[in-house]
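Per TrEMBL, the feature domain 'P-type ATPase N-terminal' maps to 166-231. For 231-249, 427-449, 486-506, 1059-1078, 1090-1107, 1136-1154, 1166-1185, 1192-1214, 1234-1253, the entry in TrEMBL reads transmembrane segment. According to TrEMBL, the feature ATP binding site maps to Asp554, Lys555, Thr556, Glu665, Phe706, Lys729, Arg766, Thr846, Gly847, Asp848, Arg971, Lys977, Asn1000, Asp1001. What TrEMBL lists as active site, 4-aspartylphosphate intermediate is Asp554. Residues or ranges marked as Mg(2+) binding site by TrEMBL: Asp554, Thr556, Asp997, Asp1001. According to TrEMBL, the feature domain 'P-type ATPase C-terminal' maps to 1023-1263.
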Amino acid sequence: MTSGEPLLPFSDSEPPKRIRRISSFDCLCFDESLTSSNFDDSHINEVEVNEDKVKEEEDDDFASLEFAFSRKPLKHSNPLAARRHFYSADLQYHRPFPLACPTQAQKKLVWGSMELANRKITHSAPLGQSGASYMVHDQLGKSQRVRRKSMQFDDNLFNENDSRLIYIDDPRRTNEKYEFTGNEICTSKYTILTFLPKNLFIQFHRVAYLYFLAIAALNQLPPLAVFGRTVSLFPLLLVLSVTAVKDGYEDWRRHRSDRKENNREALVLQDGVFQPKRWKNIEAGEVVKIFSDDTIPCDMILLSTSDTSGIAYILTMNLDGESNLKTRYARQETVTTEFEGFPISGMIRCEQPNRNIYEFTANMEFNGHKFPLMQSNIVLRGCQLKNTEWVIGVVVYAGQETKAMLNSATSPAKRSKLESYMNRETFWLSVFLFVMCLVVALGMGTWLVRHKEQLDSLPYYRKRYFTMGKEDSKLYKYYGIPMETFFSFLSSIIVFQIMIPISLYITMELVRLGQSYFMIEDKHMYDSASESRFQCRSLNINEDLGQIRYIFSDKTGTLTENKMEFRRASIFGKDYGNPEHAVNLFQETSAAASRGESVCRRKWKLMPEINVDSKLMNLLYSESNKEERLTAHNFFLTLAACNTVIPILHNDAETINYQGESPDEQALVSAASAYGYTLCERTSGHIVIDIHGEKLRLEVLGLHEFDSVRKRMSVVIKFPDNSVKVLAKGADTSMFSIITTDIESGDGFWHETQDHLIQYSLQGLRTLVIAARDLTAAELEQWQCKYKDASTSLTERVAKLRQTAALIESNLSLLGATAIEDKLQEGVPEAIESLRQAGIKVWVLTGDKQETAISIALSCKLLTTEMQQIVINGTSEAECRDLLADAKVKYGVKGKNGNLKLRIDVESNGSRLSCDISSCEKLHTDSIDEKVTLSLALVIDGNSLVYILENDLASELFDLATACRVVLCCRVAPLQKAGIVDLIKSRTDDMTLAIGDGANDVSMIQMADVGVGICGQEGRQAVMASDFAMGQFRFLERLLLVHGHWNYQRIAYLVLYNFYRNAVFVLMLFWYILSTAFSTTSALTDWSSVLYSVIYTSVPTIIIGVYDKDLSHKTLLQYPKLYGAGHRHEAYNMRLFWITMIDTLWQSLVLFYVPLFTYKEGTIDIWSLGSLWTIAVVVLVNIHLAMDIQRWAVITHAAVWGSIIITYACLVVLDSIPIFPNYWTIYHLVGSPKYWITILLIIVIGILPRFLFKVVQQLFWPSDIQIAREAEILKHSSYDQPKVK
């Protein structure tokens, strides 16, 4: 070890402690641990930039600082150039520090706002687990700040005037103004009193419900009473009741859960003794004691733990979904305090409640000492205490003010694209309805004018009373021709009301529920490794899965496993980890023992079979080349010490398990242990490292954790000989700018290390650069003074800590670099290839460096060697503009904003499937030129996206990107991911899908039309924000190509069939009204009209929507191009709608006129004719449905034919009630042969045109689905035929 000046002693009030970074930026990470240089920039910050204080709120725009604080790796031809960068790359944006500690008067000047190009960074907008604040850009390129109300955080500017005072063990004084909430929570929506009005208010947000409410209200007016007043309310009441029962049941479950949660008990300090108290009665300021495996009842500051060092382990899975244990610490000033039987006095000044679960800023005054509190000192409601016997804490936030409750908002609701198309067709149906009502009203007015003189003598229409007495000669329900015409118009609306199907909404909800059940139960989408099933978290967009055109995917943890393995290391300019030199740790241990050397024999559960490099092991044990050996020693010492990993020793004292907040850190610490540097103990103030069997205790003076501005982390440690070192690791773009080269000593492994980094990246490995240096006494004193001041600051603490880190993160000595492998998930290349064949473009948005991302893209077949790569790496707006323009000119890319939809249609048609029925195996594409689309791949970095998305270059990027088959975005921030998705979503009608596994993917997932979360290693933030969740990326192939295709085909047919089913019924009534003097009378009973769409014909629609399959899952997976039917809208478009309406018109005419023809020579009363029409229309629409069913099953037969039987049964019941005018009519009809012949004629004549149309279409213009369907039938028939010998 190198010795240095003695460490300056700490004052009594400020003992050595472990400091964790507290970020006021919108960190989306699951804690602030380091990932790697190829990290998914999960933690990119967003800061508000203003011209000056006068214009502080001028634009309200936000800009990412990643481009400003990051640098590319430097290869200086002249080493002196590197030496000029004495401070870190960050220092050029900070004010310089005085060499001496600042006085109290100087501190305000030193801690002024950070400056960036003469712009002041005022404050930030922190984000929580939902991370729903992001940048979106309109077509003019002007950035706007968009926040989702349920997800955004309040501005968290913390100052003395806007702070919360908590008096320890004095809840009455704490809440003397009654401004704090209690700890009772309420997640329910309704109470007994508010349920009915509130639920109805929510339901009537659907415009269709208001329409049917108006219809029911009109029918209550005497001049307009077409149906019975009670009967007219039945459909709307049924729909409202079903929804209300569902909502009521869900809310009852919430109430039950709330009661169970609020009535749990915890030990609270009362009168000097810990006594049980219900959670709902706990108040801010009270002292609470929690035991192991118990749940934290509220947000508490730790005062003491069962561990003498004040450490506690918590599980945050209930809060953020992460399964790794987190460390929290009680301050040394409070950890030894006795709480029972002794008076306690203290005060906490903390920030107001906010949603940021990754940040906490406060100060505590306790027993005469004042010290800072931060994220590592608070435990949040919903977390569980693990591996710690007990903890004691003081409540700061309770009930609805806890961070868990503030983050309990659900994901933003999304609406199906097909459902939005329904509005277009609904509009046309409304036009038809208006025209029919207008025709009836004008006809009625014309008829009244023509028979004006006969109104008092017509047999079925009278104008006046004819009775003797006071009513004689008075008007009888007659309001004059104009009003009668108007009332006729309103009455027609009531009669024709089901032209707009109210039952369609409930039918779609039930069908989507059934589809979701079968997706969840699909055993092919069950991940046995994580024991996770497919999850449907949104029931509104099932059919959108069948129309996806763009997939935006994260890389780490989504395409890869996010299970890191240490593979290579570059130390002193030499490459280690070559598989030729790799040996098993057990073998190396045995060999070393035979040489009489002492080696580390520990094993750990994380990587039980790790291989080590024999050459590197020999270097660590050899006595020669001391300088190289010392470099290797410091290298592994940095890996073991510079992290936040928690070592957990098991009972055998030989097995160690590392719990880390990042898989990268776990891999690095495990690798250090494999080479003999085992981290075996960590407390808030020190760590213990077992180095080749000898334990070394190191005092941790401070820890600057990773943040995405610095892109590195560092730790200041004190050795037993009082020497002090700073150990650092981070991304190469950040580290090389703060590393110096020593010319005099001939240090020449700078370039070798960079060459190794490039080699590792080309192999798809994730890299980190390792560096260290000694601190002098003066540097340490300056840093300690600044560090203490920054860590206790109540304002701009993060900026000050970052400036403090810049003091020691400079002039570092390069030690080497690490390379970690993140393997591809199983089936990823095959899934991507299938998706591409299906006409889906896959874009990868990652935080990895460019070389690594390209290597992974090649290995997963996203990129191919035949593709021409377009690389956009600009450092200014002008350069980015030139690069985009040059690429467009070179490859003949033209602007497509005007004819984008036409181009997409051409591409879709060009990818259509066609096969020869005789072979049933060959695919071919139509002859169109897709040379550009097939050959180009765009690679762009996040730095370029800053200039492109923030300016008017977005349209240029859009033109170039949409012309490429593959787009690979590297080094992108979470907000840039959302911006890329919005780039496509806002400029095209194409459906977008975003898939990711981490908190950095949340904004992208919520921005896309469909969001899919991966249940991976990075917690469950992505899952909680997603619409669908799964265990592996490869399941996406089956989700889209199989379930997406089925769902789209089913829902599309369901909507068209519902339009047809109701329209044919209404048109039949329309023809009848035209033949009865426009009187709006009906031959059908009120109950038949109401039950038609609710009971008679609804069940078959639901069953077909859930069960029918046009193709088997094997065929859909074998021929991915069949998915293109969704892109081309084959199942639902305006052409199909108009064809359906023409067919509806024909069938309605057949329904009306065939009975008139068959009974024109006979006699039949109006109610008998109505019964015949009721049965005939039900049979006709069910036969129509049966013609389109692809897969018949027992339940399908039961639904279709059972519907007809149920209709007959209902008619028998209704016709058996004496008080109804249609009493006994069905019994007279069924005995007549003419009745059955009429129904048969209606079916044959009505269905015949549709049948002929389908036959001609399938013979001469078959679709891909029809061809594949015939191929399936032929294949099955060939299997069924007996083999001839």
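The backbone N, Cα and C atoms fix where each Cβ goes, and this holds for glycine too.
Using a Cβ-Cβ cut-off under 8 Å and counting only residues 6 or more beyond its ends in the same chain, the transmembrane segment (1192-1214) has close neighbours at 1085, 1087-1088, 1091, 1095-1097, 1099-1100, 1102-1104, 1107-1108, 1171, 1174-1175, 1178-1179, 1182, 1185-1186, 1220, 1222, 1226.
If you look at the transmembrane segment (1059-1078), the same-chain residues 6 or more away from its ends with a CB under 8 A from one of its CBs are 425, 429, 432-433, 436, 439-441, 443-444, 447, 461, 488, 492, 495-496, 498-501, 1084, 1092-1093, 1097, 1101, 1137, 1140-1141, 1143-1145, 1147-1149, 1151-1153, 1173, 1177, 1180-1181, 1184.
Remote same-chain residues near the transmembrane segment (231-249) are listed as 189-190, 195-196, 199-200, 202-203, 209, 212-213, 215-216, 219-220, 494, 498, 502-503, 505-506, 1086-1087, 1090, 1093-1094 (criterion: CB distance under 8 Å, separation of at least six residues from the stretch ends). By the Cβ criterion (under 8 Å, sequence separation of 6 or more), the transmembrane segment (1234-1253) is not in contact with the transmembrane segment (427-449), since fewer than 3 such pairs are found. At the 8 Å Cβ cutoff, the transmembrane segment (1090-1107) and the transmembrane segment (427-449) share fewer than 3 close pairs (sequence separation 6 or more) and do not count as touching. Count of Cβ pairs under 8 Å against the transmembrane segment (486-506): among 427-449, 1136-1154, 1166-1185, the largest is for 427-449. Here the binding-site residues are Asp554, Asp997, Asp1001, and the one with the most other Cβ atoms within 10 Å of its Cβ is Asp1001. Counting residues per DSSP class in helix, strand and coil order gives 32 helix, 2 strand, 32 coil for the domain 'P-type ATPase N-terminal' (166-231). Ranking the binding-site residues Asp554, Arg766, Arg971 by Cα distance from Asp997 (Mg(2+) binding site) puts Asp554 first. Here the domain 'P-type ATPase C-terminal' (1023-1263) has a mean pLDDT of 89 out of 100. Put simply, Asp1001 (Mg(2+) binding site) is 11 Å from Thr556 (ATP binding site) when counted between their Cα atoms. Asp1001 (Mg(2+) binding site) and Asp554 (ATP binding site) are 7 Å apart (CA-CA, integer value). Taking the Cβ of Arg971 (ATP binding site) as centre and 10 Å as the limit, one finds 28 other Cβ atoms among all the protein chains shown.
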